[in-house]
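Taken from TrEMBL, the feature GTP binding site covers B:112, B:113, B:114, B:144, B:171, B:189. Summarising the annotation, TrEMBL assigns domain 'Tubulin/FtsZ GTPase' to B:2-207.
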């Protein structure tokens, strides 16, 4: 499917950059230059490799609520002397994990800034040729003020001007991140999902585990996202294109997604080791130990297993697969390897496991490929424990802020935890006040931060996150910070 | 018979393509006109035997199709065909309809384009011409799932109501293990093309060869006249090289032995054609009319054999309406029998598809009913405390 990509915030920018780079490396043509990134802080722009300068749009640079990053010389100077933290605003519970630059993590500021810059946004969007693409995808970290805030306004705008579907790829914060990011993500979900034609979500929490360093881990997550998006949107977009019997066409994908809601992606690969295997397989056959009678192909059981693996693999957003409304399967590999029986029984397995009859399936023959991949899209999944969790986290955050604003009786004194938390100020308010009241954020936030650190229930995890701090939407910047 | 053929969607187009390939290979002349219609640009490019100007892309301006198919949605397939019907008619205008005996419309019934668009195309053709229109439809296999079954069950109704006869082909009956996707569909298309062309091309080889026992187009059309769903059986045998030399000619004993062997062979061939894989499995006795075509060298077609085969089919199909005739193919090294069972009413596979379709429709309706509510409940926290950003 020809797709325009619009990245917003640091996470969005980095994913779009990586997508285009991989698209070029694998000889596919999906975006064909229809890319654009928006941000309220231009630091991450410097890291991009495939996004031309005229496609990078810095918003809010004249807006009073947006904090400009000092010259890069100053930044590197202060970063060298361990005093990098002085450049950060400490807001809310896990203060020093939210960067002060740009909109400082506040989605309402993000939205305000984007509204104010609509003429500039529209001018930038003119660079995308909608007639060349079948859909547009907005890519954003939903825990970020720019991702969710600017993203919401951008999505409204894209909806208004494009006839073709507009999808969202949103990354959800992990549990180690500040509550305020959960609040932003919960509100982001609430805003973006109804506006988008479909929303792919990726859960950092599900992908967080592992023994690698944070940097490597996030690098892997980013890579995993792009691999899945390419398998999905890149099906049939190779040149020269092989002839396929059951070709997946872009209408299959758009029909799968047209029900709206939240979508998640599963993915599995089967390495073809044909030369080595052949001898062994032939030996087994000779000895009567194998019932695999295919010549050189992969037997039906292997294909079916691969499809099952894709469904049972770590989904970009874990969910109850039975809650899916529609399903799409793409089987990609050398045309002479894909067993028809395996393909059909695998497709039927999807219907049985997801309990939906709307299962579309197709193949993408790739001559000379060394592996077979199965990619499964589950569309409009509604049973997602992680979203409930984020909402609960967000509500507790939200109600605490509300209590702080309105509760004069101090009704929760008996509860120590609440007591501590009551000292928190509505982080949105803090941030807005900070930025509105001038650029001198350090003082206020250091006070807040020192107190709130006591309530930090994720000390170990947080310390690892801090090591990786220094980028605005850090959790969605899956790539390592270069300076580290 | 002389046909104008239209392939709708991927399966239909490939079938017509395969039919033309087979008739060229075997020196037959059945498809006088061929036209393919699709909603996916890349699929339209696949057939090899259809001229460029006989390929129609429809729905390229449709919001949901845009030249990339209809995503298996029969409603959109129908919608797109209705919108672009003028274009289809314009291409069909070139067809000299008086040159053909009938129109054949081929489609896969599980997908969106064939199942949705073909009935619209058939309507249009019947408005334009009086010639009979036959349908050739590929039924989805069980493992293709609920949505294809629903498309097929709905499309089957439209087809059977509109066409003069519907020849069904069941994907499930033709699955075999060990095939890749590529091989699987190619083999099925070859099998089906062989049957259709052998049946319908009878009597069109060479006027001079037409003997008194030759099958005539009007016989085939009469048999198809029943309406309903038909199934085709087929069997062939390789012939030993013809005996040379004078001696055999004068050996009466030998000849009568040959004769009875040939007769038994012919009858056996027909039994095999009916009992082996039919294009759609059915209760043979539920057929309304039946017809047998023997295609092969005239000397191999024993009259005695033809008659006993015909009698056997009469009793098997429990109908007196059984025609048998030859399609003489001098020099051919194979003898084939193709059996048409017209208006078979007991087809378990169609019942299965209908049951699967009803379940699918119920499921889809249930999902539709709660969809918006479920999305709302997903994105909203329990007490609706969180505000959207914009």
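Every residue gets a Cβ built from N, Cα and C, even glycine.
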Next item on the list: Report the largest Cα to Cα distance, in Å and rounded to a whole number, among the residues B:112, B:113, B:114, B:144, B:171, B:189 that the record lists as binding GTP.
Entry: 19
Notebook entry, point to check: Checking B:113, B:114, B:144, B:171, B:189 - which of these binding-site residues have a CB within less than 8 A of a chain A CB?
Noted result: B:144
Notebook entry, point to check: Which residues in the same chain, at least 6 apart in sequence, have a Cβ under 8 Å from the Cβ of residue B:171 (GTP binding site)?
Noted result: B:110, B:138, B:139, B:140, B:141, B:144, B:188
Notebook entry, point to check: When a 10 Å sphere is centred on the Cβ of residue B:112 (GTP binding site), how many other Cβ atoms does it contain?
Noted result: 31
Note to self: I want to check the contact list for residue B:114 (GTP binding site): same chain, sequence separation of six or more, C-beta distance under 8 angstroms. What comes out?
What the structure shows: B:8, B:9, B:10, B:11, B:12, B:77, B:107, B:108, B:137, B:138, B:155
Next item on the list: Please compare the binding-site residues B:113, B:189 by how many other CB atoms fall within 10 Å of each one's CB, and tell me which has the fewest.
Entry: B:189
Check: So what pLDDT does the domain 'Tubulin/FtsZ GTPase' (B:2-207) average out to?
Finding: 92
